[in-house]
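Take a look at the structure below.
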Amino acid sequence: MLLKLSSLYMLKDRWRQVEYPTHITVSLPRFFNPKTLLFPDGRGAEKKQQQSEPERSPPSSSFPSASSTAYLDALRGYAAWIVFLAHGWDEFHFSATRQPILSIIVAAKSMVALFFVISGYVLSYRLLVMTHDRYHRRHRRHYHHRRQSLDIDLSHDHDKILQTLAGSTFRRGVRLWGSSIFALSISGLLVCMGWDGGYGDDRLRKDTLWEQIADWFHRLAWFMNPFVEVDGYFWGGTLQNEYLGPMWTIPVEIRGSMILFLFLVATCMMSFRKRAILTWTTILACYFWTKLYVAQFLMGMAIADVSLNRQYHYLLLQQQQELDQERRQRYSRLSTTGSREPSCSPFYVHSRTASSSSSSSSTGSLIEDPLEHYPSVLPLSSPSSMSSSDNDEFATAPYPVQSRRSKIIWIAVFATGIFLLGQPDPSSGDDLGVFGDFPWKYLHAVIPSQYDNSFAQTYFYLGIGGFLLILALEMYPVLRTPLNTPFSQYVGDLSFGIYAMHPIIVIMVIRQWYEPCVRAQLFGHGFWAHVPGMVLTHGLVFTCADYFSRVDYRVVVLARRVQAWFFDG
């Protein structure tokens, strides 16, 4: 057994040493280099190449990732993959995908709700870090106010919060619309070449090229209108662009992002408890008003807020324990040298030494204020800010040791989230495999009356499922281990590309060619008849998504450059 393991390790080390020509690995999709998907450091050479030539390809993810939100990128990638699977093969009603838990494999609507919860978390994370830091610095200043031993200027914190909020708000539109316009341009070009967009009619085709271009721009201008009411994603008011149907989520994403930023402005000066009360009050109000997408953004923000508060207090607890241990060691040294061991609290000793300069030199230097050792700035656990050595302590701080009961609870929460996200499609009723109509028959019966159609009732529980899923991943980090692997991070890098490019491939390859011309005539029916088409389509989608992600990366860079140009005054 040991011999076999040693042989495997030798083979693994040899594979790591295999070098590929740089120009080939940069030009081809990343899945052509297996080291990208299998090894944590498989793209070390490519990272160096990207540092020297930053415009050639998007940055790759590493394992383990320094970012505490890296697992959410992977989760977003898998969600986009599920949307791709649902749009490609859900209509064939495979029996395995109609079972509890497994039904999430083709739950496209659920993944949209999960997108919004993830966006709420990621967009609010950096601002909430600054908000928590400002709040704790303010309390630290209040403690030192009487002794006047620490001068903390909070105006710099306000400037950072304002600058970050302004930058995030400014870049959001450029970030989403830039990549969406590129995807719509590809679809428009295909329509000019004779593609019908998957509608089976000539609704998109125009008589001349100029009429086609004018129609594309007209639909794009209406699609980008930020003042059109967005009723959510189950009413008729949702914006659509028929050149690429799945892009309907972009206006909802824009609106939800702006509402989230506005909410952060209103609550950034509050304590954690008051902000949490207001957040959940607003979430309940959004459910009453049927604005579920807003509630889902705020749910993601609530998870980030709870997580940061938990991490911060655990880090402070660790430092306090270290100070207590150091203090006990100093007391023991005092007792061995015959000095009088102070019998009062550290805070009382500080107050005494502040009024007596003679005793401060002997006791004040030994009895330290624990608040002085608290981190003055809560480190930002984000990819752009983890390079600083000041952030290492917070980024690598372990989570509290969890009891068996806690682990069981969070695993149950995780399973509940998966179950809710795997809600049966309304077209098939409440039936879900071995469970029949339980419990959806009863869950749908308690939905408020303002959700007066089947689609609205379908979306009611999806945000709750997404919230429970991410909450469990956040509170029990072991569950997110598969999401931090190199392959998962690779899928996360392609998330937007998979979501934007899969409709074109699915319609052109599967529905208009493979199904009528290949499967029906050569392979017949059944699951295995679809496998060749699945393999072919996955290869094409991931290839297109890889190249799309490179364009998407340049859009992100462009957004930052435009922001820098406008903000430089």
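Think of each number as a place in line: the chain as shown, counted from 1.
Cβ coordinates are placed from backbone N, Cα and C, and glycine is handled just like the others.
Among the features that TrEMBL reports, compositional bias 'Basic and acidic residues' is placed at 43-56.
Sequence annotations record features per position, and here TrEMBL assigns region 'Disordered' to 43-65 (among others).
Model confidence over the domain 'Acyltransferase 3' (70-313) is summarised by a mean pLDDT of 87. Marked as domain 'Acyltransferase 3' by TrEMBL: 70-313.
Nonlocal intrachain contacts for the transmembrane segment (101-128), taken as residues 6+ away from its ends with a CB within less than 8 angstroms of a stretch CB, comprise 69, 72, 75-76, 79-80, 82-83, 85-87, 89-90, 161, 164-165, 168, 172, 233, 249, 252-253, 256-257, 260-261, 264, 268, 292-293, 296-301, 303-305, 308, 380, 382, 415, 418-419, 421-424, 432-433, 458-459, 462-463, 465-467, 469-470. What TrEMBL lists as transmembrane segment is 101-128 (among others).
The transmembrane segment annotation in TrEMBL covers 176-196 (among others).
Sequence-distant contacts of the transmembrane segment (254-272) (same chain, six or more residues past either end, CB-CB distance under 8 Å): 116, 119-120, 123-124, 127-128, 130-132, 134-135, 161, 165, 168-169, 172-173, 176-177, 226, 230, 278-279, 282, 293-294, 296-298, 301, 305, 309. TrEMBL lists 254-272 (among others) with the feature transmembrane segment.
The region 'Disordered' annotation in TrEMBL covers 327-366 (among others).
Residues or ranges marked as compositional bias 'Polar residues' by TrEMBL: 332-342.
Among the features that TrEMBL reports, transmembrane segment is placed at 459-479 (among others).
If you look up TrEMBL, you'll see 491-514 (among others) marked as transmembrane segment. Beyond its flanks by at least six residues, the transmembrane segment (491-514) meets 30, 58, 60-61, 70, 73-81, 83-84, 87-88, 179-180, 183, 186-187, 190, 195, 197-198, 244-247, 532-533, 536-537, 540-542, 544-549, 552 of its own chain at Cβ-Cβ distances under 8 Å.
Marked as transmembrane segment by TrEMBL: 526-548 (among others).
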